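I have placed the structure first, in the form of structure tokens, so that the comments after it can refer back to it.
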Amino acid sequence: MATIHVDGKEYEVNGADNLLEACLSLGLDIPYFCWHPALGSVGACRQCAVKQYQNAEDTRGRLVMSCMTPASDGTFISIDDEEAKQFRESVVEWLMTNHPHDCPVCEEGGNCHLQDMTVMTGHSFRRYRFTKRTHRNQDLGPFISHEMNRCIACYRCVRYYKDYADGTDLGVYGAHDNVYFGRPEDGTLESEFSGNLVEICPTGVFTDKTHSERYNRKWDMQFAPSICQQCSIGCNISPGERYGELRRIENRYNGTVNHYFLCDRGRFGYGYVNLKDRPRQPVQRRGDDFITLNAEQAMQGAADILRQSKKVIGIGSPRASVESNFALRELVGEENFYTGIAHGEQERLQLALKVLREGGIYTPALREIESYDAVLVLGEDVTQTGARVALAVRQAVKGKAREMAAAQKVADWQIAAILNIGQRAKHPLFVTNVDDTRLDDIAAWTYRAPVEDQARLGFAIAHALDNSAPAVDGIEPELQSKIDVIVQALAGAKKPLIISGTNTGSAEVIQAAANVAKALKGRGADVGITMIARSVNSMGLGIMGGGSLEEALTELETGRADAVVVLENDLHRHASATRVNAALAKAPLVMVVDHQRTAIMENAHLVLSAASFAESDGTVINNEGRAQRFFQVYDPAYYDSQTVMLESWRWLHSLHSTLLSREVDWTQLDHVIDAVVAKIPELAGIKDAAPDATFRIRGQKLAREPHRYSGRTAMRANISVHEPRQPQDIDTMFTFSMEGNNQPTAHRSQVPFAWAPGWNSPQAWNKFQDEVGGKLRFGDPGVRLFETSENSLDYFTSVPARFQPQDGKWRIAPYYHLFGSDELSQRAPVFQSRMPQPYIKLNPADAAKLGVNAGTRVSFSYDGNMVTLPVEISEGLTAGQVGLPMGMSGIAPVLAGAHLEDLKEAQQ
């Protein structure tokens, strides 16, 4: 710690910080542009000037840039010194000489750091009367709009994109006061994390193009704390709504999880919530048509049918909340509850859970991954299946340069010096996969092989680290030399990290990862293990347990069950569509509860219109076992009284109560959570994931809307001049109103949107943190359900045999895509242009045998249908395998590991 003196007052601060960080952490306001907590200091903008004095007697002082000055013990500075204030105002005026005066039409208006800093410095009058330099804007793809004339040359964008996210297609061109930030030519930004430019940029150069089409000012949107639903990582988000539509998603700061950044799937993949074809009312089949029901009719009709059924089974979902899956389990009984995922996937999920719960290896939170100094990724294409983890791995690899700089006593915020000292030095990263991955550019070595051979590599590494681990026979000398390099790197690391997951299609790969981690722990290393699952609540569903989807289908096929309730699950993604359709056709009652129109609704007798994550409350559990709560952003019925969309748990409990002819006793979310905790002790922690509905701050609920929210009385005037009462939230501590507490200093961790007096942009998160870039002042939201076990598992011993290609037979290797493989985000219209066209990948040798080239269309039969796809050639894919894009164009993820036998060139 260090003692500094600011404008005559004494403060205790972190001596490792610079003065800007220290003052912002104290709650003092210093304007800045080029500095960012995640990017460090470069002193490019000169906006953060303060007056520094030699001692208490010095009255003259000198101007220094606070972001480039350490917060040393005994420092004396003044923020309010007149010369410093005039200098800061002059800097803004210089920046404004070329900045357009277009705030009223700029999409950043009201959410703009430049506006905030201009007001903070007191600059309010323009004296420049000459020609402004102008630029041509670029088309940067479907996600981001580009308006270069607003640029103030702070260099944040290229520092984030190139130095932090390792992007290669955005740069700075020109010199002096005529520099251009963009691509060499028009085109879509290639980085999976390009959307963060929207919040990194302090002006309106980079803005959210998906928001542009249905634009609202930040102060006119309703927000709620939420969790990204597009993968298993559980990033925190702030969805914004207006007129019953999601308009944008912003990053919600969580110092333990995603801190300042999201991936593009999480930021832009919300379009499925706004689709017009979503089920909005319950419907029941009458012959070939569906008739619309109200809620009471739906419940009574369903109950009447279920009473006549001899056995009702329930099929849950990894994309439904803990509460909804539990409500289904209560409706049908624990013995009749099925997870809705394939047997193989469920087996891998349970194995991953076993490793996390009983393996005795620490599971780091997302942000902690950045602190590891050697990483082994076994089998998982992390950028496509858990992209935010990939960004964290990139920071872990860069830790080598920080170590080198620290050895020379260079502060952590001196980023230019760190990059200069490091000269691209990296901590070791080793990646195995069936083919190339997006992490290969920073990897020390990559191994492209079938999953069996990847598992064998992992087992061999574990044995080399600890000879009591099972040995692997038949390792080639060349591969053994690589294993020796990996072993040396992992054994020499202080904090090695092993990453694997369930998307590999191989339980043996997960076992190999666990063995490596156990062997490293036995050597005294502070080892961590990260498992990536498939869906937002896969871990929660795994903890809850239940039979596999195949078992559920067998119940229907044999007639043992004659009614089925399917919860938020497109079963065609988890099993053969032919088998699913045949099994559902045998059931006299098929009830579907979902917020998306899926293929299985064609077999449904009753459809209950569920609410999406934006219209409901619930709990999900991420890949590290962290329970996190998402909150309802808006009530769709407020805009359309004909809409009947309820949380799935509310539908199912209401049906259960109707079936038993009793009163509904789960009238709010807390009641469901209490029931979950009572029945499933391992989920007891979900009660602490967020405060209950009685939580108040000074007697007030928390506001979902900024206090400047406008137009509420006129929003429905086109429907009726009579303004209805605002929706009443009985489930949570939030209110659908601007009336309520929204103070940044209030004792809360669940923050709907970032705002503080004088801070309207995302930089306002500074005001909510215990120290800038640290944790939220009153703790990061969420709670870990299981900590590191004191015990450890025995070594897994089932070393697989080496993969052997078979003539006339090809094994399907899974290829995942950030844009396209996820069930929900692939429905977003804006994603269509980013999704690759369906393909089949072949090794050159296999392509030669078949007599096909790149672009040739080949066909194969699957599930009774003939599939025709264009060929792509890949040198990395091992012969005897074909690669298919999982989750796209009818290519169900369950296909991973299956075999094709009739692959041939398609008839023209």
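Glycine too: its Cβ is placed from the backbone N, Cα and C atoms.
In the predicted model, the domain '2Fe-2S ferredoxin-type' (2-83) shows an average pLDDT of 96. If you look up Swiss-Prot, you'll see 2-83 marked as domain '2Fe-2S ferredoxin-type'.
Residues near Cys67 ([2Fe-2S] cluster binding site) in space but far in sequence (CB under 8 A, at least 6 apart, same chain), listed by position: Asn18, Leu19, Leu20, Glu21, Tyr32, Cys34, Trp35, Ser41, Gly43, Cys48, Trp413. What Swiss-Prot lists as [2Fe-2S] cluster binding site is Cys34, Cys45, Cys48, Cys67, and the listing cites similarity to another entry.
Note: the domain '4Fe-4S His(Cys)3-ligated-type' (83-122) comprises 26 helix, 0 strand, 14 coil (DSSP; helix = H, G, I, strand = E, B). Annotated domain '4Fe-4S His(Cys)3-ligated-type' per Swiss-Prot: 83-122, in sequence order.
Annotated [4Fe-4S] cluster 1 binding site per Swiss-Prot: His99, Cys103, Cys106, Cys112, in sequence order, evidence recorded as sequence analysis.
DSSP assigns Cys151 ([4Fe-4S] cluster 2 binding site) to coil in the three-state reduction, placing it in neither a helix nor a strand. Residues or ranges marked as [4Fe-4S] cluster 2 binding site in Swiss-Prot: Cys151, Cys154, Cys157, Cys201.
Under the heading domain '4Fe-4S Mo/W bis-MGD-type', Swiss-Prot lists 221-277.
Swiss-Prot lists Cys228, Cys231, Cys235, Cys263 with the feature [4Fe-4S] cluster 3 binding site. Reduced to three states, the DSSP call for Cys235 ([4Fe-4S] cluster 3 binding site) is coil.
Excluding Cys228, Cys231, Cys235, Cys263 themselves, the residues of that chain whose CB lies within 8 A of the CB mean position for the [4Fe-4S] cluster 3 site are, in sequence, Gln230, Ile233, Gly234, Ile237, Asn258, Leu262, Arg265, Gly266, Gly386, Ala387, Arg388. Nearest Cα neighbour of Cys157 ([4Fe-4S] cluster 2 binding site) among the listed binding-site residues (His99, Cys103, Cys106, Cys112): Cys112. Compared over the binding-site residues Cys106, Cys151, Cys157, Cys228, the count of CB atoms lying within 10 A of a residue's CB peaks at Cys228. When the alpha carbons of Cys228 ([4Fe-4S] cluster 3 binding site) and Cys112 ([4Fe-4S] cluster 1 binding site) are compared, the span between them is 24 angstrom.
Separation of the C-alpha atoms of Cys151 ([4Fe-4S] cluster 2 binding site) and His99 ([4Fe-4S] cluster 1 binding site): 7 Å, rounded to the nearest whole number. In this structure the C-alpha atoms belonging to Cys263 ([4Fe-4S] cluster 3 binding site) and Cys201 ([4Fe-4S] cluster 2 binding site) are separated by 16 Å.
Annotation note: Cys157 ([4Fe-4S] cluster 2 binding site) sits in a helical segment as assigned by DSSP. Here the Cβ of Cys103 ([4Fe-4S] cluster 1 binding site) has 16 other Cβ atoms within 10 Å, regardless of which shown protein chain they belong to.
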